[in-house]
Every structure is written in structure tokens, then in C-alpha cells.
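Chemist: Sharing a structure below in C-alpha cells format, with a few things to ask.
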Amino acid sequence: MTSERDSETTFEEDSQPNDEVVPYSDDETEDELDSRQPGAEPGPNQTSRDGEESRDPGRKDCSWQVKANDQRFYEQPGFKRTIFLCFKKSKYAGNAIKTYKYNPITFLPLNLFEQFKRAANFYFLVLLILQSIPQITTLSWYTTLVPLLLVLGITAVKDLVDDIARHRMDNEVNNRTCEVIKDGRFKNTKWKDIKVGDIIRLKKNAFIPADILLLSSSEPNSLCYVETAELDGETNLKFKMALEATHRYLQEESALADFDGLVECEEPNNRLDKFTGTLSWRNSSYSLDADKILLRGCKIRNTDFCHGMVIFAGSDTKIMKNSGKTRFKRTKIDSLMNYMVYTIIVVLILLSAGLAIGHTYWEQQIGNSSWYLYDAQDFSPAYRGFLNFWGYIVVLNTMVPISLYVSVEVIRFGQSYFINWDLQMYYPEKDTAAKARTTTLNEQLGQIQYIFSDKTGTLTQNIMTFKKCCINGQRYGDCRDAAGQLQSHPQQVDFSWNVYADGKFLFYDHYLIEQIKSGKETEIQKFFFLLAICHTVMADASDGQLNYQAASPDEGALVTAARNFGYVFLSRTQNTITISEMGVERTYDVLAILDFNSDRKRMSVIVRESSGNIRLYCKGADTVIYERLHPKNPKREATEEALDVFANETLRTLCLCYRDISQDEFQVWNKKFVEASLATSHRDEALDRVYEEIEKNLILVGATAIEDKLQDGVPETISRLSKADIKIWVLTGDKKETAENIGFSCELLTEETAICYGEDTRQVKSQRISPALSSALLQTRLENQRNRPGSSPHSSLRMNEPFFQGSRDRALIITGSWLNEILLEKKKKKKKKLKLKFPRTAEEKKKQSEKRRRAEAYKEQQQKNFVDLACECRAVICCRVTPKQKAMVVELVKKYKKAITLAIGDGANDVNMIKTAHIGVGISGQEGMQAVMSSDYSFGQFRYLQRLLLVHGRWSYIRMCKFLRYFFYKNFAFTLVHIWYSFFNGFSAQTAYEDWFITLYNVLYSSLPVLLVGLLDQDVSDKLSLRFPRLYVLGQRDLLFNYKKFFLSLLHGAVTSLIIFFIPYGAYLKSVGQDGEAPADYQSFAVTAASSLIFVVNFQAIGLDTSYWTFVNAFSVFGSIALYFGITFDFHSAGIHVLFPSGFRFTGTAPNALRQPYLWLTLILSIAICLLPVVAQRFLSMTIWPSESDKIQRNRRQYLLEEQQWKRRQSAFRRGVSARRSAYAFSHQRGYADLISSGRSIRKRRAPLDAVLA
């Protein structure tokens, strides 16, 4: 017999050196093959269409097939998948999106399932079953059924209201329309009815409804401009381009209707910037990549219309793949309540068991010999004890508060409306009010420890403004008067002399404009000419206006500045650029564009001037420009000083320079440039090397300073949140320099902050382990050497030591690629595997399993080390992170720090992060609604976050904690009376109250006062809450509600129940009423104990647990007492007894008992003994041991007077650090130089000057 053996031979292919490091997704495999084939070679200054035609694509992973205009194609058996038993469903998703939880069919079962997951609800369901057994229960069935139905009903209504809101938001998106080809012509179709394979037409400013293959557009060469704010948070435009074949033949409606191309591509995945596939059409195959795909969530800009074929729809789209799953979020207090309910159930079982044992003993000693307790059923004492165990489970059921959860939901519901109604969180500019999109998380807003924030559109307005500059060593932009003093209200520069001037551009330095007009300063002319010629901006004349489309907001701001100062970029062609220089129009030959990338941090253009001279113009970050300057630059130091000044003002700086190139030097270099441009592998690296050869010996012209405007109130908000001991992490897809500058602008980083970059942590880690290792280069960042074989015992003792020594504020700045590397998420090399069948031996399998286990443990330790390191910093900035990485960072902090997290963002790239955090906040009023739809709370500006947390969150937490403490107290005080009563009734599971009092106690008699405490109470005002953020730490540390507070409430309730039972018991013992008869019957005693309880628990609510008095609070207390007496007298009347004799057995008890004077004395005595110790304790705590809020409340008048004199900060931009920070922050991707030089991005010929000025 022969046995087959598994083995595998692996052939590794070279991976691209600059492959983007991305985290693994479920859709990724190691077997991906990059089989792109080169297309036709481009000529000089041109690039190919990325090998768009390929006869033999040979793509192994292209298992997703889409055929145009043929829905029958998807009915084939191969495109179906089994979902349950024999039920099959198409593997192609519809285009409707779903964020709601329920539908009409699933609402009732799913909602009941969710509710019965709560321990108390499930417990009362079991209790209801027990009450149906006559041998056990001594209570009527309605005492449990009525409250349970009330609880389930109110919660269900609340959940239904929440879900209806989600349905409406989904319908708003799903019912948008676009044009789809049906029956040979375009028809308006709702988004939800779009299917894979449909041909759609999108017009200017329309959102893209699905992931589509761009077929053609109104632009030359079927170029399409899209805005990707919903994907990466950037509002700058991106370029997409159709295949030459589809551009040429698919412009008309009839041709599009006849199009029958077949796309074979990768399965749906979450990689936003990757796409691999082929289009088969007319016996030819064409290679497809990400540049030909328009993603859902993007917006068509500056393109009249475009046509596309739907590839992925609905949940299969890349934006939805990055959105994560809808999670059922529960608060920390919810979990704590569940554990406390479990604790109460355990206590209940123990008490019932003890009382049952007592009953067994009583039966043996007394019950059997008591002739008046004759029972025809001759049960043994043990069996009677067993029945009494279940009887006490029923009698003491009110220890588990049935109305607890519904009361909590009512309070949360009311608190949510307070958030919605808060006018101080209303953003009038966009008519956007704050919105609590869920009603289950309010008190968790008062316990936030970490905030994870997006940058673009969340912290900033994404508006770049040219503020200042330095030219030839002279700074411009400061608004000074004749005496050299800064002006508080400077006058704007008048640009009316310039017919091309942008009216929105503001500048205040009149001296610079005078220098420009004089024409004497050649360096100034050179400076603005450089801004006008060195860029990749596109110009378009429409409606008599000259408009710019920039690949980054920075470029747009710089070109607009040059435009206003007289150097106007008018148009460009494939090889030329036209500029108006102070009214004189000149055209220059563009010989080469040296493209920007994040490593180079600069871009250059080489132009031939009219004189025939060749000159290179360059702009970039100061750190890279200064390394390439000619040794003889007289204004080098003066410009460097200006850069320091600009950096101190947290402006984004950029250096400008040039050099002249001889004809011979250019010809030699251009030959290398063309060769590098035609390279089929490692093209980017080859071009970078060629660029380095020419970008040297530069002459410095000056520097620019751009302001990236923050949203109003961002620095103040971050400052207050930091004082509240909340750590803020910024997670952004933008560059490190950009994010760092914003960190200083919004005061997340300050002068005193020690900034630690990701790579620097190797040194920190080595110092943490052993001084001897401090100079050693660790093989991996943050490597866990403490647990490595051979590590010293000394190092293992340092496992819990902090990474940093001292108390200095620190910040950590890391990139997405570093994050993947340190967390071992780096993408592996692509492999091609040849599998042969050679099964591993048991020993080999064991070794492989052990290897995987060690790798997993190592990875987990790496993750923990990273979180420990990051959490020791006051602030963390993560740059160039993907949506999935954002969620991963949040998940790691949740996992290893057990901290309450909040994520806030405005774009679809933030959705996964928002869903992962305990609290998700969406900024509405920005582009798109994906973040808002997936959030728990939304509003119009970041600054409202401080009020949401420090006011509404803190109040909600305090109110909920007070409510819970009081609720448990009043239930223990109510229930434990039955236990004391058991010692006098032979432990027979008899109740100490009337059945209807037990039924209505939690529903009517004691519910309203405590509900109002949970809704309205506040220890200090909203202004003082904002002024003293340190008050917020109470929630972070769980100081107001925890197991200690719970057991104190239990103890307090037990003492109250003792007083309520034994004071009336002593009063009735051997007493005689006014009529000379003994009133000491059970029914009178029950009424007296119940009346004492009602007075005590209600006075406790208003007098001791309420910090903020209103008329409503007082009315609720006295109204509840009046309601108790009114209902009691009615239920004890003879009339209702006649109608329902078996349900109302206390006929005449209340009128008879309450007319006895000493009964009222008993009530007063019980109330006084219960409340006076609490009053004394409260008085002493406020005077001798006051809390922080007590101190503030006591001095509130003084603070109000100070509040009137307190002035807000005058500017959102504070002084930054004394050291200059590199700020070359262009956010466009590499490749736009290729588009321009190839001629494919040129929109139209420039309109005549007369048309522009008309």
C-alpha cells in the first residue's frame, strides 16, 4: 500500500520594492499574481496606458465575472451560492445598503431575543412560569406579568423608533437616482435597483452609486475628475481615465446599449487603491487597473458626464468592505448592571435556601404539632422546605428589579432628546443640529478615556490660505503700520488692477504689492513666476471665469496667490504652459516634469524660455531643498530664520529655488530620463535616481507659508478635553508633515511636548530593556526581547516598567507602514505554489503548530508593547493609515487597555473606526453621509464634542449612577421586609404587603421621583462643567457606581427595611386602638409598613439624592405619595371588593388603620430614624469632606462673577514650537506629471482672452 504525502514547493517572485504596506484582509491571498503586461512604448515625454491591451492576461485570481447589459448571464448555476439548506442566492449583491437592525418580519423575534439576553428579563420570564404553579406561589400572576409586559413594550417601542430613523437614512441614499440603460436607452433608476453589469451615466457633481468601470466621458481622452473625500478625507481632485478602445467607440447611447464586454476581475475586497482585471471585447483583451475604476462614494467633478459599467454593487463595493459590520453596542454600566443582577440572583438563591431550611426546621419542631395548621396533604418537612424555596424565589423576586431596564431606557431616551434640543450644539451655517442617533449610550459619553479623530474635515476646514512669504531673505505678510507695529485691523490689499484676480483671495501686506507693481525687484518676479509655472494644476475657463483644478489644496493656494500678484497660469498643453506675466502673455516649452512623491517631498519642472535658456524650477520641503542648495546662497540664513518664524506660527512652509541648465547637460540627462520613463519594472525608483542627478546646486529664491484653517474652537476643545484626562489620537490618511503641523495648530502638540517618531522607539525600547542594549540596533521595532530565549533575568524583571522616564509630556507620531511593520501585519511576498501531495509527519505538524502558536504569541506581545508605548504619550498621531488600520488601532486600545473609546470623523474612510469604537461620532454637513449614518451621535463641528462629553456625557453618567444607586436601595428596602417578616410566620413564604402594592410599587409609587433624578439632576451648571474639565474624571474612574457603591446601597436598604419592619411591629405589639380593640392585625401592619416605605424612599429622592431642584421634582414626590394613598383607599373600598372579591381582600383596612393617631406617630418615627443619619452623613461630607463638585457648587456665585470677566482666546492658532517643522504637505499622488506630459489630461484649448474677461 502506498500513501500520498503532502508537501509544497514554493517559487517566490520578486515583489515590488515600493508595494504599499497594507493589512491583510479576508479577501487577500498569498497567491496573487501581478501579471500586468507592458503595452506600447511611449515616446519622449509620454507614458503608456499602463499596458491597457493584453492578449493573454493569464490572471489566476480573476474569478469575478461581469457582463455588460446581460442580466440573464448572472442566472447561471455557477453564480449562485447556498445560504441555507436548498435555498440559493446570487453571489452578486444588490446595490441597496443596510444600516438598520430590523425589518417587519425580524423585529419581534430579534427584539425579544435581544431583550431576553438581559438577565433580569430572562429571570422574570422564568419567574412567571413558576408563578403558574399553585403549590409554589403565594403571589398572584399579575404581579409579574404586568410589569414584564410594560418593560418589554416600552423597550420595543424605543428600539423601533431608533430603527425607523436608520431606515429613513438608508432610504434617503437608496432612493437617489441616476441614469441606467434599460431597453436600449437611458432611464432614471433608483440606486437600490442598480445591478452588476448595468451601464450607467453620471453627471457633474453626482455621487457614484457603485464601483464602476469608466468607459467614456465628456472630456478629451475620456478623462474623469473625481473627489474622494468620502474615501480618504481629501477634497482635492483625482484623475481617472478610460481605456482607449472604450473611449473611442462608446460615446453614443446606442453603442453603449450594444456593448457586451466581459470583465474578469478579482473578488470584492477592501483595497481602495488596488484593482486587477481584464476586459474582453471584440476578440481583444484589455488590462484593467485602479486608474480605470470609479469607486462608490466618490463625486464626479468638472466632468459634464461619464459612462460606466457596474462591477461591484452594494455590500460588495470597496467602501462598504471597509465599513465593518454593524455592532450591537452596550455601555460599561450595562455590563456592570448585568453582573450586579447576577449577584442579586445569587444572593436571592442563598437567602431562599436559608429561609427554606428555616421552614424545614420550623415544620419539624413546631408545624407538625400545631393543630390549627392542619393540612390534608401530608408532605414531609423536607418537601415543604423544597416548595418554600421556590415560594421565596417568587416572594423575593423584587430584589431583581424588573423595571430597572425600562427605567434606564426611559432616562436614556430623555437624555437623547436633551442632546437633540441643545441649541448650543446647533451649527447655523449648515442648519445642522446635534443628533443622538442611538439612545443606549448616553452615560458612556461621561466615561471616555481615548478619542480617535480624523483630521481632514474633522479638525480642519480643508481650506488652504496663502498667508506669508519670504523673498530674497525679506519677510512679507505681516500687517505693520508706518511705525513698524502690528495692526489689529489691517486693510486688505486691493487687487482690482488685476483682471484675473480671485476675489476670495485676501492679503494684507501692501508693501509687497507695491514692489510687484514697480517691476524693479527681479527676485520677487522670479518668486511668483516660479509659483505660476512649477505645478500640476489644470486650468479651465467656464462662464467667463478662470478656474483651477489642483491635485492638492496647497498647490491651488500657491497658484492662486501667483495669479493675484500678476503671474497668472492660463493654460497648458502636452509640452507647453502659458502664463500671463503682469498682463503680458508668454508660452514656455515644458521639457520635463519631475513628479512629486512623499519620499522626495519636492517637485520640479524644466522649461525652455523664449531666449532658449533651459531652467529648472523646484519647490519642496525645506529639509530636502537645503540639502541640494548651491554652497553660495547669500540669503540662506535669512530664509531659514523666516522659516522658523513661520513654523512658530504653525504655518505650512515650502521652499522655492531654481538652477540654469546647459544644453549639453540637459541632453545627456534627458536621455536617461526617457530611458527611465520607458522602464517596465522599478520605474519609479529609476525616475527618482534620474531626478536626483539634475536637482542639485539650486539657487534659493524664497519660501511660502500656508495656513490650513482649523474649524472654529478646535484648540479650545482639545485643551479642555486634555484637562479632562482624555487622550486624543489623530488617525489620518494625510502625510506626516501635514498632520504634525495640524497637531501644533490645534494645541495637541505644544512647545513642551517631546515628539517621538515611530523609528525612534527602537532606542526607547532598547533602553527599557537594558542599558547594555541602548546602542544596539534592534532587528525589529519594539521587538519583545524580554521574552526571547537567552534574555537576562534582569530584563524580564522590567516587563512592567514604563517606556519613558520622567513626567514630561510626550507625543508619538507614526505612519501606517510603520504600524503594519511593528504589528506584524506587513503584506508577505507574493508566491506561486506548486502543491505536491506529501502529507507532513506528525512531528512536522506538531512543529508547524508550535511555530504558529509562537508567532501568534509574539504578535500579540508586539501589539501590547505598541499600545503600552502609545498610551504613555499624551497624544498620538497616526499618518497615512487606511480605514482598516484606523479600526485596528481602536480595537487594540480596547483590547489591551480596557478603556472606553470614542471615534469621530466625517468621511466614509472613518466608518470602520466609528463602528469599532465604543462611541462613534459623525461630523455632518460635510461631503457625504456615510460617517453620520454609521455613527451614534452627530453634529456639525468638532468643537461641539466638548459639550457632548463634558456636559451631556458627564451629566448623563452622574444621573444614571444616582438613579441606579437609589433604585437598588429602594428595592432592597422594599424586599428585605419579607425576610424579617419570615421570622414571625414560620418561614412560610408569606408576603409582608398587599399583592397590589407589590405590583404597583416599582411602576407607580416610587418610579417618578427617581426617573426625574435620572433625567434632570445636575451637580453643577453646564458653564461650570466646561470651565472645570477635571470634574470629568469621576466617570473615567468609575467612582460613582461600582461594586462598593452597590453593596453600600444594599446595606442601606437592609437597614431601612429593618427600621420599616420593626418600628411598626413594636408599635403594634400589645397595643390598643381608640375603640379599645387591638389593631394589630396583619392587614393594618402591612398598610403601616407600606406607608412608611413610601414616605422614606420618596423623601430620600427629593431631599438627599437631588442636587438640582425643580418644581417637577417636588411635584413627583408629593404626587407619588398622594397617588399611593388615593389608589390604596380605592383598592380597600367595599365597592371594588364586591366587583372582584378574590383580587381585593384588604377591604376597609386603610381607612381603619390610618385613622389611628399613633399610626401617624409610627410613620414619623420611622421616617426620622431612616433619614436623620443620612442627613447627618450628607452634611458632614459637604462640610468636612467635600467633593470637587461640592466645592464648585459652594463657590458658584464667585465663579459666575469671574465668568463675566473671562475672555476666550482671540485666535485659534497659538504659538507652536521653536524649531521649524517640515510642512511639504501636498496630498496628491504620484503620476500627475505623466498625465500632463502625455497630453491625456489636457481638457480643452484655452478660451480666448476676451471670452475669459467677458
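The backbone N, Cα and C atoms fix where each Cβ goes, and this holds for glycine too.
According to TrEMBL, the record shows the following:
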REGION    1-62  region 'Disordered'
DOMAIN    89-145  domain 'P-type ATPase N-terminal'
DOMAIN    174-237  domain 'P-type ATPase A'
TRANSMEM  339-362  transmembrane segment
TRANSMEM  389-408  transmembrane segment
BINDING   D454, T456, D906, D910  Mg(2+) binding site
ACT_SITE  D454  active site, 4-aspartylphosphate intermediate
BINDING   D454, K455, T456, E555, F596, K619, R652, T732, G733, D734, R880, K886, N909, D910  ATP binding site
REGION    835-855  region 'Disordered'
DOMAIN    932-1187  domain 'P-type ATPase C-terminal'
TRANSMEM  963-984  transmembrane segment
TRANSMEM  996-1016  transmembrane segment
TRANSMEM  1046-1065  transmembrane segment
TRANSMEM  1085-1104  transmembrane segment
TRANSMEM  1111-1138  transmembrane segment
TRANSMEM  1158-1176  transmembrane segment
Chemist: Need the DSSP three-state call for N909 (ATP binding site) to compare against my parser.
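Modeler: Note: N909 (ATP binding site) is helical by DSSP.
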Chemist: State the residues, same chain only, that lie 6 or more residues beyond the ends of the transmembrane segment (1046-1065) and have a CB under 8 A from a CB inside it; answer 'none' if no residue qualifies.
Modeler: 340, 343, 965-966, 968-977, 979-981, 984, 992, 1085, 1088-1089, 1092-1093, 1096, 1162, 1165-1166, 1169-1170, 1174
Chemist: Between the transmembrane segment (1111-1138) and the transmembrane segment (1085-1104), are there three or more C-beta pairs closer than 8 Å, counting only pairs 6 or more apart along the chain?
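Modeler: Contact between the transmembrane segment (1085-1104) and the transmembrane segment (1111-1138): present, because at least 3 Cβ pairs are under 8 Å.
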Chemist: With every protein chain in view, how many other Cβ atoms are within 10 Å of the Cβ of R880 (ATP binding site)?
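Modeler: Here the count is 20.
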Chemist: Tell me the Cα distance separating R652 (ATP binding site) from D910 (Mg(2+) binding site), rounded to the nearest angstrom.
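Modeler: Computed Cα spacing between D910 (Mg(2+) binding site) and R652 (ATP binding site) is 25 Å.
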Chemist: Helix, strand or coil at T456 (Mg(2+) binding site), per DSSP?
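Modeler: Once the DSSP labels are grouped into three classes, T456 (Mg(2+) binding site) ends up as coil.
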Chemist: Tell me which of the binding-site residues F596, R652, G733, R880 ends up closest to D906 (Mg(2+) binding site) in space, Cα to Cα.
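Modeler: Comparing Cα positions, the closest of these binding-site residues turns out to be G733.
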Chemist: In the domain 'P-type ATPase N-terminal' (89-145), how many residues does DSSP assign to helix, to strand and to coil?
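Modeler: With helix first, then strand, then coil, the domain 'P-type ATPase N-terminal' (89-145) has 27 helix, 2 strand, 28 coil.
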Chemist: From the binding-site residues F596, R652, G733, N909, pick the residue whose C-alpha lies nearest to the C-alpha of T456 (Mg(2+) binding site).
Modeler: G733
Chemist: Which residue, of the binding-site residues D454, D910, has its CB surrounded by the fewest other CB atoms within 10 A?
Modeler: D454
Chemist: Taking residues 6+ outside the transmembrane segment (963-984), which of them lie with a CB under 8 Å of any CB in it?
Modeler: 333, 337, 340, 351, 355, 358, 392, 395-396, 398-399, 401, 404, 407-408, 411, 990-993, 1001-1002, 1006, 1010-1011, 1013-1014, 1040-1041, 1045-1046, 1048-1050, 1052-1054, 1056-1058, 1060-1062, 1065, 1089, 1093, 1096-1097, 1100-1101, 1105
Chemist: For N909 (ATP binding site) and D454 (Mg(2+) binding site), what Cα-Cα distance in Å is obtained after rounding to a whole number?
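Modeler: The Cα atom of N909 (ATP binding site) is 9 Å away from the Cα atom of D454 (Mg(2+) binding site).
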Chemist: Taking the Cβ of F596 (ATP binding site) as centre, how many other Cβ atoms lie within 10 Å?
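Modeler: Its Cβ shell of radius 10 Å holds 26 other Cβ atoms.
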